Amino acid sequence: MTSKDQHNRILRDLRISVTDRCNFRCRYCMPEEIFGKDYAFLPKESVLTEEEIGRIAKIFVSLGAKKLRITGGEPLLRKDLPNIIERLSTLDAEDISLTTNGSLLSRMAVSLRQAGLHRVTVSLDSLEDDMFLQMNGGRSRVQPVLDGIDAAAEAGLQVKVNMVVQKGFNEDAVVPMVDYFRQRGHILRMVEYMDVGNSNGWNREHVVSKQELLDRIGEHFPLQPVAPNYDGEVATRYQFADGIGEIGFISSVTEAFCSSCTRARLSAEGKLYTCLFATKGHDLRDWLRSDRSDEQIADYIQAVWTNRKDQYSLERGLASDKNDPNGHKVEMSHIGG
Ligand code: SAM
Ligand code: SF4
Ligand code: SF4
């Protein structure tokens, strides 16, 4: 069953946040000043169980979702993650992937692969310890993440690396990151710093645009654009002119891609969000914990999707009252990017 939203977009991807907790405090996501010792994370009983995640994913697949991505918070903090992936792998989805900060990946890569995971995206913002520690709130050096990436590749997982670039903090890491990962055959994607959530003090001046990144990288490694792999691919692709490797840009600030946004997002507490920048979620946990049937829940999700009008990034910066600057947006650590 495939339904279209108000801008004619189908539901093709489901991103499932399995926890709102994280062992990092990235400055652009969960800054320590806000997510410190006293921050109230969700109590265990509020978070969806592995059974509930399996059931809701099955319902989304019945509605047309083909790509399932696990995210968080830091999903590897959940001990039952291999069980969750095993449940997803029994569904009729084409692709099961995971986004992680990679710090715990070296010890879990094999079990995740065995459970049926296909691909992993590891977030890493620098190859230098000092800079990386500044980015992640002093929580991890670089080597454990590089070990995680190696372990994932060895376990047979496809690996991509995401790097958020924040002006004045890690721009100097761009060229070394590009060089390192192209030599190792992993696609690096540069992510523009976004105004997600309410905690990171986002300011357009802190964004390093795709064009600035292209110029910076192009001075060292000439690049050529490549056609997308499929319609609606989020990253725009470039090949290195010398034929060694490829990189991507996820430019939601300077080149919004809302018109092809086919993603639904499920928060750790079971709320359905139809946009990364949504101020309101639709509670599915109550439905899961009631005596409603899968069909009833599917009808509800379909109604939400059919009414969907979101295109926040396209409207960002327009003198528009559609993006209420005072609206309380969902935090990235709740729905996971
Ligand atoms: N903890 C995992 C990780 O870091 O990969 C998964 C969750 S994290 C919220 C998902 C992705 O969102 C990461 O690649 C992270 O770099 C990205 N992200 C978080 N805050 C962001 C922001 N303000 N702008 C752009 N990307 C952001
Ligand atoms: Fe944690 Fe990922 Fe957010 Fe960093 S980006 S604080 S690793 S959830
Ligand atoms: Fe999709 Fe919202 Fe991002 Fe636009 S801003 S691409 S609608 S999640």
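Glycine residues also receive a Cβ, built from the backbone N, Cα and C atoms like all the rest.
Per TrEMBL, the candidate among Lys160, Lys210 that belongs to the GTP site alongside Arg15, Arg69, Thr99, Arg263, Ala264, Arg265 is Lys160. Non-local contacts of Cys258 ([4Fe-4S] cluster 2 binding site) by the CB criterion (under 8 A, 6+ apart in sequence, same chain) comprise His7, Asp310, Gln311, Tyr312, Ser313, Leu314. Looking only at the binding-site residues Cys22, Cys26, Arg69, the one with its C-alpha closest to Met194 (S-adenosyl-L-methionine binding site) is Cys26.
Nearest Cα neighbour of Cys29 ([4Fe-4S] cluster 1 binding site) among the listed binding-site residues (Arg15, Thr99, Ala264, Cys275): Thr99. The closest partner of Arg15 (GTP binding site) among the binding-site residues, by CA position, is Cys275; the full candidate set was Cys22, Cys26, Tyr28, Cys275. Neighbour list (Lys160 (GTP binding site), Cβ cut-off 8 Å, at least 6 residues apart, same chain): Arg119, Val120, Thr121, Val122, His186, Ile187, Leu188, Arg189, Gly248.
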